[in-house]
Amino acid sequence: MDSADIRSAKAALEKAIQGKNIETIINIMTRLKNEVVATEELLKETRLGLVVGKLRSHPNEKVGEQAREIVKKWKADVSKGRPLKTTTTTSSTPSKHADVGSQAQKQVQKQSSSGQRTFKSDNVNVNVTDDKIRNNCIGLMYNALVIDSDESSSLIIAKAKEIDAQVLARAAGKTGSEYRNRMRSLYMNLKDKNNPKLRASVLRNEITPQRLSTMTSAELASEDRRKEDAKLEQENLFHAQGAKPQKAVTDLFTCGKCKQKKVSYYQMQTRSADEPMTTFCECTVCGNRWKFS
């Protein structure tokens, strides 16, 4: 693909993303993976890497996986020095080739694979305040935000400093336990490799540092963890002991799993007294459980 073809493919990809056409997105990315040999200059000129990079946190698993594969391949392309196509023009001086190769290598170091970028590898100074605790926390924020990211180090350190400032303000300007515990909680959630959406949302400013500093543990959690928590909550409801009415078996309810009508049930008041009671059902055939009110 030349630059014109790539721009055309990029426009089509953006349209497919906007229209949520998963099949088209995957088809276009397959072409990009097979036909594009990435160079630093090409990625800067077309800004294609930004579009594909954002898809790594796409809710569709296939789209996210393919986007990650493409980004990995393009990083390898740049690493191998493919921007230096071996033309026979003798006018190109060795020093120019060396300069371009050096720039490409620096770019690869900044865009290394998942888990390898840190503020140290990016040569970023995190000692930007007079407080050692704050500087350490800013470094932790940088290391968490940079996971799987191709964003510039200047953007990431700016975000890390903004997060520090917001958390510090909420802790009355003191780096005591409130500040440290909050920064530790944010670090643990941001560095979670199963939580790419949170990192991406912060870097895109979809979640501002101010908003991030006030988010609850449930809001910070990854989708997988939220599902696990919801499942656990449901299990706890069903296994709750105490003043629980006697179960009765009826054929009035149909199991959504096995379609049988041998269902035991009981009712409990789980909300306020003026709200309907919650009915807890369990299929006696397959063990499927559900509730409604």
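Glycine is no exception: its Cβ is also placed from the backbone N, Cα and C atoms.
As written in Swiss-Prot, here are the features:
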BINDING   C255, C258, C283, C286  Zn(2+) binding site
COMPBIAS  100-116  compositional bias 'Low complexity'
DOMAIN    4-81  domain 'TFIIS N-terminal'
DOMAIN    133-248  domain 'TFIIS central'
REGION    81-123  region 'Disordered'
ZN_FING   251-291  zinc finger
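In the predicted structure, the domain 'TFIIS central' (133-248) carries a mean pLDDT of 85.
In the domain 'TFIIS N-terminal' (4-81), the DSSP tally of helix, strand and coil residues is 65 helix, 0 strand, 13 coil.
Non-local contacts of C283 (Zn(2+) binding site) by the CB criterion (under 8 A, 6+ apart in sequence, same chain) comprise C255, K257, C258, Q260, K262, V263, R289. The residues of the domain 'TFIIS central' (133-248), classed with DSSP into helix (H, G, I), strand (E, B) and coil, number 78 helix, 1 strand, 37 coil. Broken down by DSSP into helix, strand and coil, the zinc finger (251-291) contains 0 helix, 15 strand, 26 coil. Of the chain residues outside the Zn(2+) site list C255, C258, C283, C286, G256, K257, K259, Q260, K262, V263, T284, V285, G287, N288 have their Cβ within 8 Å of the site's Cβ mean position. Less than 8 angstroms from the CB of C286 (Zn(2+) binding site) sit C255, K257, C258, Q260, each of them six or more residues away in the same chain.
Fewest Cβ neighbours within 10 Å among the binding-site residues C255, C258: that distinction goes to C258.
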